[in-house]
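Novice: Take this structure, written in C-alpha cells, and hold onto it; I'll ask about it next.
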Amino acid sequence: MGQTITTPLSLTLDHWSEVRARAHNQGVEVRKKKWITLCEAEWVMMNVGWPREGTFSLDNISQVEKKIFAPGPYGHPDQVPYITTWRSLATDPPSWVRPFLPPPKPPTPLPQPLSPQPSAPLTSSLYPVLPKSDPPKPPVLPPDPSSPLIDLLTEEPPPYPGGHGPPPSGPRTPTASPIASRLRERRENPAEESQALPLREGPNNRPQYWPFSASDLYNWKSHNPPFSQDPVALTNLIESILVTHQPTWDDCQQLLQALLTGEERQRVLLEARKQVPGEDGRPTQLPNVIDETFPLTRPNWDFATPAGREHLRLYRQLLLAGLRGAARRPTNLAQVKQVVQGKEETPAAFLERLKEAYRMYTPYDPEDPGQAASVILSFIYQSSPDIRNKLQRLEGLQGFTLSDLLKEAEKIYNKRETPEEREERLWQRQEERDKKRHKEMTKVLATVVAQNRDKDREESKLGDQRKIPLGKDQCAYCKEKGHWVRDCPKRPRKKPANSTLLNLGDQESQGQDPPPEPRITLKIGGQPVTFLVDTGAQHSVLTRPDGPLSDRTALVQGATGSKNYRWTTDRRVQLATGKVTHSFLYVPECPYPLLGRDLLTKLKAQIHFTGEGANVVGPKGLPLQVLTLQLEEEYRLFEPESTQKQEMDIWLKNFPQAWAETGGMGTAHCQAPVLIQLKATATPISIRQYPMPHEAYQGIKPHIRRMLDQGILKPCQSPWNTPLLPVKKPGTEDYRPVQDLREVNKRVEDIHPTVPNPYNLLSTLPPSHPWYTVLDLKDAFFCLRLHSESQLLFAFEWRDPEIGLSGQLTWTRLPQGFKNSPTLFDEALHSDLADFRVRYPALVLLQYVDDLLLAAATRTECLEGTKALLETLGNKGYRASAKKAQICLQEVTYLGYSLKDGQRWLTKARKEAILSIPVPKNSRQVREFLGTAGYCRLWIPGFAELAAPLYPLTRPGTLFQWGTEQQLAFEDIKKALLSSPALGLPDITKPFELFIDENSGFAKGVLVQKLGPWKRPVAYLSKKLDTVASGWPPCLRMVAAIAILVKDAGKLTLGQPLTILTSHPVEALVRQPPNKWLSNARMTHYQAMLLDAERVHFGPTVSLNPATLLPLPSGGNHHDCLQILAETHGTRPDLTDQPLPDADLTWYTDGSSFIRNGEREAGAAVTTESEVIWAAPLPPGTSAQRAELIALTQALKMAEGKKLTVYTDSRYAFATTHVHGEIYRRRGLLTSEGKEIKNKNEILALLEALFLPKRLSIIHCPGHQKGDSPQAKGNRLADDTAKKAATETHSSLTVLPTELIEGPKRPPWEYDDSDLDLVQKLEAHYEPKRGTWEYRGKTIMPEKYAKELISHLHKLTHLSARKMKTLLEREETGFYLPNRDLHLRQVTESCRACAQINAGKIKFGPDVRARGRRPGTHWEVDFTEIKPGMYGYKYLLVFIDTFSGWAEAYPAKHETAKVVAKKLLEEIFPRYGIPQVLGSDNGPAFISQVSQSVATLLGINWKLHCAYRPQSSGQVERMNRSIKETLTKLTLETGSKDWVLLLPLVLYRVRNTPGPHGLTPFEILYGAPPPMAHFFDTDISSFATSPTMQAHLRALQLVQEEIQRPLAAAYREKLETPVVPHPFKPGDSVWVRRHQTKNLEPRWKGPHIVLLTTPTALKVDGVAAWIHASHVKAAGPTTNQDLSDSPSSDDPSRWKVQRTQNPLKIRLSRGT
C-alpha cells in the first residue's frame, strides 16, 4: 500500500462539501477550480511567502489579505470570498483541520523608542489609518488575552481610558484567542495602529464587538471614489467589509452614512427592501415580512443566538443586493464609445478603462462570455488608428478572443516607432526631397547659363524656327502639366494696386485679391459673393459649396479637358430686379466665381465697353455696385453712433432693473405660477428626439446651458416627451432651440384668445399723439413661472456629456411654442400694467403680446411716461430689450408699420421682403406669397382683383400651372406695393366715409376721413363676392359689395358713423329687395346690417369714385335699380306662365320615381288630356326631380317650331325655367358652396330646349287633382303614364340625355350579316333618320364596334368582366352591345397584363395527408425561430410522428444540417428506431448534402415538400404554432423569458392533448394516460406499488390491437378515398407565381407548358423544381370556354398531345 502526503490544499479538497457549506454560511460562494488556481498560482505569485500546497498560518493569510484588500486597481475583490474562507478555517477550525494548525508563536516584545521619531503613517490595504499629531501610544489591549473584550449586551462600547504600563519584561506565551488572531499587522509603528474588528465568538462562546474607528471610516471615504462616480468599486469595498468584519446593524448604518450621501443611502435601502425573500424564496411584497427581515429601525436581534446571527447574515446579503441594484445606471453606450485609446496608452490600460466604462454605464458585465462580442468590437473600433487598422485586417478575426486581440494589439503597440524615430524618418524624407529639388534646380540653372552664354549663336542657328510647342495643359513658365501660366504657383506676381471697389460682403482677409474687372457682388443665400463677369460662360459658377449639393451633374469642357461637376441646390440670389432662385455649378478648381449668361439674363445686365474697360450696369443704366469708396475712408463705416448710444446708456443707468442687458432674466412676481389644464381624455405622449446634426447641436448647446444656469430649464423624468428642433437664424451661423409642442397642444384645453387684432389695433391710436416710445420685452414668456404640476408636460431629451447631463429637461417658465402662451402672457401683462394706465390717463399705451407702444401729445409727457413705464416694468419683473428700444421719437416702427404724424406706412424692410420673393413653384409658395402680401392689402387698391388669378392655385388637389396670367398678377402686386401711399391713422372721434365700387364680382372700396378740405385715405378694402352673389345683376352685386366692405370697415371704425358713397342709388333696393334673386336669410342679413340708421348712412351718388381711381362720365349714369331689376328677364324674354290663346299644342308632363323591391324605379311621360304623346322608363336610381326635367325637356324638343303650352306639377322644373335657370347660368352652375349643382346636364339641356318652340308658356298646376277640368285630367294621365313606364323593363336606358346634347356627327354604321341575324332575333326596328337599328330605346351597335369599345375600355381600366359589365350598365351609353358578356370574358381572359398581375382563383378540395402505419415510421421535421433567444438559443428543431402526433423539440443555436443530423442520430434513432420516411420543406438545413447523406446511409426516404407551400408540411407547421403559442402564454404567466426552461412543460401539454380521434399522442404510444400524483391526497399508498412487467406488456399488446391498428386502418381508408385532382394536364399553358416580386414586377411569369402532373403538383418547362398546383393558373380559357376566334379542335395546324406507354413520355403531333 502506498502512502500519499496530505497538504492543507488536498485536505480542503477532500472535505470540499464542508468548505463550500462554510463559505455559504458566510454569505459568499467559492468554486473548486478557482480555489486550486488561487492556492497554487495566484497567491504564490504575490511573493508574501504563501506555499503552493497551502497553509493555515494566520501570518501568511494576513499577508495575502493585504494584497487582496489593497485599495484602487491594485486589489483583487474577486478573491475576497476565498481568502475569507481560508481565514475562517484557520480561526475556527473544524476537527479535520486542527491537527494541521501551526503551533502558536510567542509574541515578540515591542521595542520602546528612545525618542519620538516622526514618521509618515502608513495605511493598510483595507483599513487605512489617519495620520495623528499626538505622540505614539501603545495599543489598548486587555491584560489577559483569554478574557472577553466587551460584552455586547452589558458593557459600554470602546474606546476605554487606559494607563500606559511598562512594557513586558520578557516573552510569555499567551493563550491564542479568536480576537487576538484577528488583529491585523500594520506596517506602521504599533502606537499608531487603528483596529476595526468584526463580530466574532470569543471565550465562553460570547460575541465580542469592536466598532469601526473614525480613522477607518475617514480613510475609506477619502481613498475611494464616491458611489455616484464609481459604484462598482465602492460596492466591492463594502462587500469586503461586510464579509471580513461582519458588522452589526448599527455598524451597517454607520458605514452607509459615512460612505453614501442621503439620497444614495435611501436608494440603496429601497432597492434592498425590494429583494426581501418570501416563503417561496421569491421577492415578497408583504410589509410585515419586509420590516422583519430588513428593518429601518434598530431591531432587537440577540447576536448570541443562531437566530440573531442568521437575521444579521440575511440583512448583510440584502444590503449588498441593494447596493448592486442602486448601482445600476441607465444604459448609455454613448459614454462607452467616448472611451478611446490615447496616443501613448498601452492596449492593456485601454482595455481596463473600456471594461470599467462597461461596468459604469451599462448593466452588462464585460467578463461575461455572452458580452465578449460587443467588448471585442468596442476594443477594435475605439483603439488608436494604427492599431485599429491592423486589427481589422487580421485573418479569421471572428475566431479571436479578447485575450488574443490584446496580445496582437500589444505586438502592434510595441512595434510602434518612437517620436525620435518618427522625427528621424520625416527628416530623412525631407532631406531626400530637398536633394531631389536641388538636383533639378542645378540642372535648370546649368541650362539657363548655357543658353545665356550661346544666345547669339543659337539665335542665328534657329533662324525663323518657332519655339518648342507646349501641350494643351502645359504651363509656359514652369513647363509642368495641369495648369496654365496665369495660374502657375511658381510665377512671381506683382502686388495688386489699390482697388477703388470695396466689397462689403467679403468674408476673406482684407488683403485678398478680388476678381479682375468687370466684377459684381451679389448676395447668395444671404452671403455676399464677388463674381467675375464672364459672358462666355453658359452657367454661373461657385468655387465654394456653402450648402448642400444636388445629385445633378454637368460635363464641363475646358481647355485642359472635360470633367463632371455637380450642381448646387436652388439658392436665393438677390438681384437688382428682385430675388430669384438659381442653381450654380460647383467647380472648386475655378480661380474665381463666374457670373454666366444665365444670371446675366435674369439680372438684365448691360455691358458697355469704353476706353477705361468694360462696365456692367443694370437695366436702367445704373451701376450694380451698391457702394464704392476709397480704402482710406473705410474706417468711417465703423464709426459708432455716439449720440444715440450715449442716450441709451443714460436710460440703462437710470433704470437698470427694466432692461434685459442689465437686469438679467425677469420674473413676474405678482403673477401666480401658470397651471395648464389638460383635456379629460388626454394621455401622455412620448416622441423620440429626431437625429440632430453636429453643427446644430453645437449651435444650441450654449443656449441650453445658459437657460440651465438661469433656472429656466431643469432636469426631470417625465412620461411626456417632445422633440427639440434646431432652427438656424437667417443670415447667421447661430441656432436657436425650438420645441415641437404640437402633440402637447392637442391634449391641452383651449382657452379663448384675447390677444389684440393687429388689423385694428392702431385704430385706438389718436393722431393727436405724435410722440412715441416702442419697447420690445426680452424673453417675455420666460417671465411667467410654470406650476410644478405642469412642468412635466414640456419635457424633451438632451445630452451634454461635458456637464454630465443625459436625460430629460423641462421648462420652469412658460415655454414658447405652447398655443396658450401668447394669451396667458398678454392677460398677465395687462393686469400688471393696469395701475400704470390709471395713473397716466393722458397717455395711450398699446400692447400686442410683448410689443408696447406708448403715445403722448408732447415730448415731455412722453419722457415722463416712458420713465414711469420702465419703472413699472422693472418692479413687476419684466425686462425690455435696449437694442430694440425706440424712446421718445416722432417716427417709430411698430408691428411692421412706420408711424409718423398720425400716419402709417409700410416699412422699407417689409416691402423689400415681399419684392425679394421669387416666382412660386408650388402651391405652398403661392400661399406664402399671398399671406405675406395680404398683410399689406390695406395699402393696395383692388388687392383681391389683382390676386384673383393666384387663388385657384392654392386649392388642394389643383394642378399647379404657372402661366402668363399668374405671372402678370404676381408682378402687378409687387408694383402696387412699390407705389403704396401713406394711410392716416383712424380717428374714432370723426365720422368715416366709404367709397365703394363693384366690377366683375370684386368689391373695392376706400375708407376715408376728412382732413380739412381733403379726404385722407385710411384703408383700401377689396374682396371677392361669393359664388351666389357673383351671378346677380349689377345692382344687386353692388348691394353685396356694400355689405361685405361695411363689415370689414367696422374693424377699423370701431362702430363709428359710416357714410356709404356709390354710383348706384341702392338704398331703395335694400329696403325693397326683389324676391326673385335673394333668399329670405340673405335679405334679412343685408337689411339688418345696412339699415342701421345710427351707424350706416347712404350718401348721394358720386361721379368720381376713389375706389376705381377713374373719373366717371359727367353727370354720372343715374338709373333706377328697381326698374332695371324688374326688366331683367330669364333666358327667353317671351316666356310666360299664362296659357297661350293661339297655342298649337297643349301638353302635360310628369315624372315618377319610387322604390319597389329595394330598387328605385323611375319613368317620364308627355300626354294630352286623353292620349299619351311619349313615355319611357328611366335608369334605376333616377330621382323625381331629374325625371321631371327629362319629361319637360322632351316636350319642348318635340314641339320644335310650334306654339306650346305645357303644364307641369313640379315646382323644381317650373322654377328652373322661369327663375333659377338664369341664376345658375350667371354663376356658372355652382351652388352657394362652390360645388356643382345637381342634375347639371339635364338643366343645360332644358335651358337649350327652351328656344326650340316658336312661342312658349310653361304653367305650374297642382298635382294629384280631382275633378273634370282639363288640367286635372291631363295631369292625372301624365302621372299614371309615368308610373306605368317606370315599371317596364329598364335594362335599356333612355337615350334622352345623350340626344339632348348632340355631339359631333359620326359616319353611319355598317351592319354585316351576323349583325343583321342578331337584329332579326331581337325583333328590332330600323330608324331611317339615323340609319340605325333600335331595340328597347337603344341603338344596336355593330358587333365589331362593340368588341372594339370593350377592348379599349379594358385597356383603360383593366377591370374584370363583372366590373366592366356593371360600369356599362350604369353609364347612359344609349347603345345595345351584342354578345356583351362573351366579349367581356374574351377580352379579360386574353389580356396578358391582367394574367401576369391578377391573383389566381383555383379552388381545390380537401387534401389527404400521408401518415405512417405505426409509431416511429413516418416523421416530419422543421425549424422554427423563437425570439428573443436565451443563452444563444434562437431556433427550435421540431420532429413530429405523423401516426401518433408525438412531438420532440430540441433548442438549437444555429439552423444547420449538423444540428439536424446530430438530433436524428442521438435522439430519434436510439428512442424510436430508424424512420422509414422523413418529410420536410426545402430549407438549407434539409437539402444540405450532410442531411441527405445521413438519410441515404440510414435508408430513410427523405421527401422534400413543394417550395413556398407550408400546407405540405402542415402537421409539423401546426405543431410549431402550438408550441409557440403555449410558450408565449407560459412566459406571460411566469414572467420568465427563458423559453428553454419552459419547453418541457410545453411538450408535456402537446403530448397529452387529444387529437382528431379523441386520443392523445401519449395514449396512442403507451395505451394509458401519463402517471400523475395527487399531492393533496393523504393516502398515497396506492402510488407506491407498480404493476409487473407482464402487465405492462399485456397493456401494450392491447394498445396495438385496440388503438393502433384501427387508427392505421382509418388513415389507410382516407388515402384510398379518391381525391379530385387539379384541372391541369400535360400540354396546357399555365402562368407560374413569383414568390418574391420586386417593385412593379408582375406577380406571374410565363406562360409555361405543363410537362408532367401529379394529383397535387406540376412539372413545367423552364422550371427545374416541381410546382404545387395552387401556385399556377391557366394561361388561357379552358376547352369549354374557347374564344370564338380561336382555332377549332379539328384545325390541322393545331398541336395535339397523346399519351404513350412510357409514363414519362408524351407524343406531340400536328396535322398537315
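Note: Cβ is positioned from N, Cα and C throughout, glycine not excepted.
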Novice: Figure out which of Asp734, Asp740, Asp750, Asp776 sits with Asp850, Asp851 in the Mg(2+) 1 site per Swiss-Prot.
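Specialist: So the Mg(2+) 1 site in Swiss-Prot includes Asp850, Asp851 plus, from the candidates Asp734, Asp740, Asp750, Asp776, Asp776.
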Novice: Can you check which of 1313-1353, 1354-1394, 1518-1558 Swiss-Prot lists as zinc finger?
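Specialist: Residues 1354-1394 are the ones Swiss-Prot records as zinc finger.
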Novice: Report the candidate from Asp1092, Asp1209, Asp1312 that shares the Mg(2+) 2 site with Asp1150, Glu1188, Asp1279, as recorded in Swiss-Prot.
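Specialist: The candidate from Asp1092, Asp1209, Asp1312 that Swiss-Prot ties to Mg(2+) 2 along with Asp1150, Glu1188, Asp1279 is Asp1209.
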Novice: Taking only the residues in the zinc finger (1354-1394), give me the average pLDDT of this model.
Specialist: 79
Novice: Could you tell me how many residues in the domain 'RNase H type-1' (1141-1287) are helical, how many are strand and how many are coil under DSSP?
Specialist: 58 helix, 42 strand, 47 coil
Novice: Quick one: DSSP breakdown of the region 'Disordered' (416-440) into helix, strand and coil?
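Specialist: Going through the region 'Disordered' (416-440) residue by residue, I get 22 helix, 0 strand, 3 coil.
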